[in-house]
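A.B. asks: First the structure, which I've put down as structure tokens, then a few questions once you've had a look.
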Amino acid sequence: MITQAIFRAIDRKAIWLVSILLLVAVAVPAANLIIPPGQFGHIPVYLVTLFGKYLTYAMLALALDLVWGYCGILSLGHGAFFALGGYAMGMYLMRQVGDRGVYANPDLPDFMVFLNWQELPWYWLGFDNFWFACAMVMLVPGTLAFIFGFLAFRSRVTGVYLSIMTQAMTYALLLAFFRNDMGFGGNNGLTDFKEILGASVQADTTRAALFAATAVGLAISVLICSTIVNSKLGKVMIAVRDAESRTRFLGYRVEYVKLFAFTVSAVIAGVAGALYVPQIGIINPGEFAPANSIEVVIWTAVGGRGTIIGPIIGAVLVNVGKSYFTGAFPEIWLFALGALFVVTTLFLPKGIVGLIGQYRTMTTRREQHQRPEPTEHKPASDVQPKPAE
Amino acid sequence: MTEKIDTMLYLDGVSVAFDGFKAINKLSIIVHPAEMLAIIGPNGAGKTTMMDIITGKTRPDDGEILFNGRTDLTQLDEAAIANLGIGRKFQKPTVFESQTIWDNLEMALRKPRGIFATLFYASDQADVDHITEILETVRLLSRKDDLAADLSHGQKQWLEIGMLLAQDPKLLLVDEPVAGMTDAETVETAKLLKQIAKTRSVVVVEHDMSFVRDLDSRVTCLAEGSVLAEGSLEQVSANPHVIERYLGR
């Protein structure tokens, strides 16, 4: 049963995408470690980390696309799940610091010593263990999404109201994590990491390994998402997006369909956050900022929602642009981002991937005109999702 | 008077008010197994509201609604009612436009509706045969891989009837099935619905009187949320109240 579902998901596009990602997972670290600096093809370590960051963003955008592009839930709070996954990984990395902190306290992280705390809060217990932390990376965002989604979807909160609620959720978490009493480092967050699984986080090999892990993580996310969207459940998700109440009259429990998509998506976002933190070296409450979550929506829209590859392309391209612009013309970046969103919304409703689809349509149309009997078949890109009645 | 237990659908004294306006007022209707009932009536008579109440979209303020003589529908939501075996076709044809005709039917097909059952669903030969058979019935077999959005208005109506068939319901609620159809299509639809009514209960709401005549079934005329007249089409259309309120002189 399960093998069948996965087998069906492995269409040509997914195979290509996964193969490319696995190739990247090997090639980029190899180009950094094996090819010596100065020689053609060498990728400096800062670029490896930068690309790694883009790939975690791509994972986050893919997670958002699963709920927005396929299920019609516009979440403006997906950054919260990303940040929670990041905090869980950050807590593990903090515990690995041991007595090498500024205060050299073997039992407590620096910020707790600074606050005069005597012992570790209960919710920090277990984070010495890497696998426990990994479980929490998925469980914490997943549980929050499950509870939030259960309450929201059961009460049939939809559309812009749901978006506002997700925005409020991430803002509430932002304020909560700013407080020192929360025990997550307050304003400064968690930083000054030393080791991950016994390897120095600064070492080139560790950075290369983290990059490879991120690329593999993205490949697995692609497989999971394409398994879901190519299944009958994926069709039901699209049905919910296009005509929610009609789906209900077919006997599907719309709230559970949404809850499933939302929870899976939050888990993927959490894992993305956990891969982000050791590469960037810090996690602070700023990651909960509503603007971050809105940026994810822009990446997804630019790349093309409702496709698997779209959000990945969007996240990477927009962030390459951001890295360039914030270096070259820092003052115009936000204007450029805003303009990008406006242009996408007005002229590219299906994003960059949709543009390729439109081009293909034009060429096939031309071919069809030359044939004696044109078929009635129209391509998918002509149909806009319709709001539910 | 028929026993409740022998009915497919039993409405007794059902009322619902929106902001004080009584859309349905002490409505009582009975549908037997394998029977067709046509419902006519002027705009605002409460025909669609009645369907909303039966399918769980609207909760009645008062009254009793039983399905299959036993199940109290007032306590259930849309999905639960659909899974009991009540299928509904909407006034405005509502199909999943961005998906193919085949996928529309596959989703409607009577199968476990749980999340994981749906996620790991794989169609077997019986399902394929069943969908093919429905496609032949509604004459969309040649267009099975086209998007539902590309169908004409009348074809969408037929696809929605096909989706109803795929759901394999015991009771079909069909709201204005022939709106936007050509005369030939209308005649075919009447034949199809009569065929369906041999084994299932069908409630049809319609304005097209020649279509209602073709259905050749029991007719109920609603006005202002309650039953104005019942009987054969001849009896109902001869009723002076019906002439005054609906048909016109």
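Backbone N, Cα and C atoms are what each Cβ position is placed from, and that goes for glycine too.
TrEMBL lists A:14-35, A:41-60, A:67-89, A:130-153, A:160-178, A:208-229, A:256-277, A:297-320, A:332-356 with the feature transmembrane segment. Marked as region 'Disordered' by TrEMBL: A:364-389. Feature annotation from TrEMBL assigns compositional bias 'Basic and acidic residues' to A:364-380.
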A.B. asks: Do the transmembrane segment (A:41-60) and the transmembrane segment (A:256-277) share at least 3 Cβ pairs under 8 Å, sequence separation 6 or more?
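C.D. replies: They are in contact.
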A.B. asks: Do we see three or more Cβ pairs under 8 Å linking the transmembrane segment (A:14-35) and the transmembrane segment (A:332-356), pairs being at least 6 apart in sequence?
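C.D. replies: Result for the transmembrane segment (A:14-35) with the transmembrane segment (A:332-356) is no.
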A.B. asks: So if I exclude everything within five residues of the ends of the transmembrane segment (A:332-356), which remaining residues of that chain have a CB under 8 angstroms from its CBs? That is, six or more out.
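C.D. replies: Cβ under 8 Å, 6 or more out: 295, 298, 300-307, 309-310, 313-314, 317-318, 321-322, 325-326, 381, 384.
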A.B. asks: Could you name the stretch, out of A:67-89, A:160-178, A:208-229, A:256-277, A:297-320, with the greatest number of CB pairs under 8 A to the transmembrane segment (A:130-153)?
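C.D. replies: Answer is A:256-277, with the largest number of Cβ pairs below 8 Å.
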A.B. asks: Go through A:67-89, A:208-229, A:256-277 and flag the stretch with the largest number of C-beta pairs under 8 Å relative to the transmembrane segment (A:160-178).
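C.D. replies: Going through each listed stretch, the top one turns out to be A:67-89.
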A.B. asks: Grab the same-chain neighbours of the transmembrane segment (A:208-229) for me: Cβ-Cβ under 8 Å, and only residues 6 or more beyond its ends, written as numbers and ranges.
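C.D. replies: Non-local partners: 5-6, 8-11, 13-14, 17-18, 21-22, 24-26, 28-29, 32-33, 45, 48-49, 51-52, 55-56, 58-59, 62-63, 65-66, 70, 196, 199, 237, 261, 264, 268, 271-272, 275, 278-279, 308, 312.
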